[in-house]
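Data first, discussion second: the structure below is written as structure tokens.
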Amino acid sequence: MIDLKTLYELGIPRLPELTGPAMKAANKAVSNGAKPAAVKALVSTLAHSASPTEEPMGELKQLFMPLAKLLAKARAEHTFYTERETPAPWKSWAKGDVEDAAFQQMANACRLPIAVGGALMPDAHTGYGLPIGGVLAVRNAVIPYAVGVDIACRMRITILDLPYEKLETESDRFAEALEAETRFGVGAEFSKCERRDHPVMHRDWSITPPTKQQYGRALAQLGTSGAGNHFVEFGKLTVDHDIDEPTLKLKAGVYIALLSHSGSRGAGSAVADYYSEVARSLHPELPDELRHLAWLDLDTKEGKEYWNAMQLMGDYASANHELIHEHVLKHLGVGSLGFVENHHNFAWKETYNGEELIVHRKGATPAGDGVLGIIPGSMGTPGYIVRGKGNEASFRSCSHGAGRAMSRKAAFKTLKHEDMEAILKSRGIRLLSGSIDESPEVYKDIGNVIASQTDLIDTLAEFDPKIVKMAPEEGSRPRWVKKKEAKEAAKAAKEASEAAGKAEQKTDVTAEKAPEEQSDVVYEVVGIHFHVVKDCNDECIG
């Protein structure tokens, strides 16, 4: 039998209207005596053909012509890859400290027939398909991997209505708020009794297969942060000149600010994976170096589905930040003087020279004229509130951070925790949890990155981290995990005690049991390490 996986490998697009007929025709042919290898070869030929109905099918024509017609129809409804004479133009703000591979990825993206233009930001580094820090404008299509795996990864900064001195004199109070109200890491979630609520969870999540399937996971992870470079931190916001923007008004001075960075969690990743697979299955003609740039035409069912799912993930990511800030401020009992927020993994419909384009920003911040945004540095370096200048050469974009100068693998191999701790201590920064692969040493100089894009943005305020919380390294359990495991430990101890009590009542225990037949079971949970030694009276020995 030829299964779905085989059909996908042969190039049949992941569309219900195609997979069913393809499977039916292929297996009918095999059951009628055709050799499986010949059937697979024909399926592959039809799947990759620009004119499927004109391909020679021999004795299998009657069985496969309906599939060929469906494939031809799908071809007519989608734009397919053909090598263009000249790539779409793109401009770089990246300097010499960016890998050659990132430049090549940007150049590759501009080979797509749907591409109109692009830009590479100064914090760029290699990614999947489009580089991190890549901006790509296309016509009537969306590229899941040009949006990114963490759909709508974003920033939010809230300015607290509290004198800055409080952060220095009551640092434990602020640290406790972060510890109590945040959750970090892959799979991080709130227990049922602690779960957050937000109107986004009362929307229709059945609009696409992955959003419907991910609803429960999204509900549990609402208000949490992921791993990697995600963080929630308090810091010192320095405003040199009065800010009088429509969305933010601050007098010159020094403030306490809460800054967060995270995205759409597991749900967003699932949406990205699902539609990236759909896009790749629709474009078997793409050369290997462009496979991660497979696109969905926006006037197709699949394109509309992804666009709607992306919008939902954007609102969900925004809700995560809103809840984090709301609960941390509530824990402290303080109000807000204002906030700024922005996506930096998303696609937008924007107009350039009178034409609507789809602008993908993968690790790039919107910088339209007068638009406020946030560019963070690292756990040990400043970040900035910025105002866009609307530079159309960059498709109204700027960087989303400092950009990595060292891979995570290299960081784990070469950096030392004591060096990271010394750097942070020298700068008066308290790290509640974090990983060596997020050390300040792995990032480019944020000052140079900001200086490289003065034609794209103005800086309005500088944020210096003071109390930082990130996902802990593997093996270091965050507080919410310890709390959960402590409950499990207590339950295990209680069950062991009850089992021992029941065993004492037994009258058929064989006292003569040989020592070598005793079983010694070790239980270890949350630092509680005890033995249950099953001897003649099954006594629980602590």
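Just so it is clear, glycine is given a Cβ too, placed from its N, Cα and C backbone atoms.
Because the structure is a prediction, the values reported are computed rather than measured.
All chains included, 23 other C-beta atoms sit within 10 angstroms of the C-beta of His230 (Mn(2+) 1 binding site). Here TrEMBL flags Asp150, His230 as Mn(2+) 1 binding site.
Feature annotation from TrEMBL assigns GMP binding site to 229-233, 344-345, 376-379, 400-403. In this structure, Gly403 (GMP binding site) belongs to neither helix nor strand by DSSP; it is coil. Take the CB of Gly403 (GMP binding site) and look out to 10 A: across all protein chains shown you find 23 other CB atoms.
According to its DSSP assignment, His261 (Mn(2+) 2 binding site) is in a strand. In the shown protein chains, 25 other C-beta atoms lie within 10 A of the C-beta of His261 (Mn(2+) 2 binding site). Taken from TrEMBL, the feature Mn(2+) 2 binding site applies to His261, His344.
Counting every protein chain shown, 28 other Cβ atoms lie within 10 Å of the Cβ of His400 (active site, GMP-histidine intermediate). Residues annotated as active site, GMP-histidine intermediate in TrEMBL: His400.
TrEMBL lists 492-516 with the feature region 'Disordered'.
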His230 (Mn(2+) 1 binding site) and Met379 (GMP binding site), Cα-Cα, nearest whole angstrom:
10
Anything within 10 Å of Glu233 (GMP binding site)? Look among the recorded positions Asp150, His344, His400, comparing CA atoms, and list what you find.
none
Same-chain residues at least 6 apart in sequence whose Cβ lies under 8 Å from Asp150 (Mn(2+) 1 binding site):
Gly226, Gly263, Ser264, Gly268, Ser269, Ala272, Asn345
Looking at the recorded positions Asn229, Phe231, His400, Gly401, Gly403, which has the shortest Cα distance to His344 (Mn(2+) 2 binding site)?
His400
Cα distance (Å, whole number) from His400 (active site, GMP-histidine intermediate) to Phe231 (GMP binding site):
14
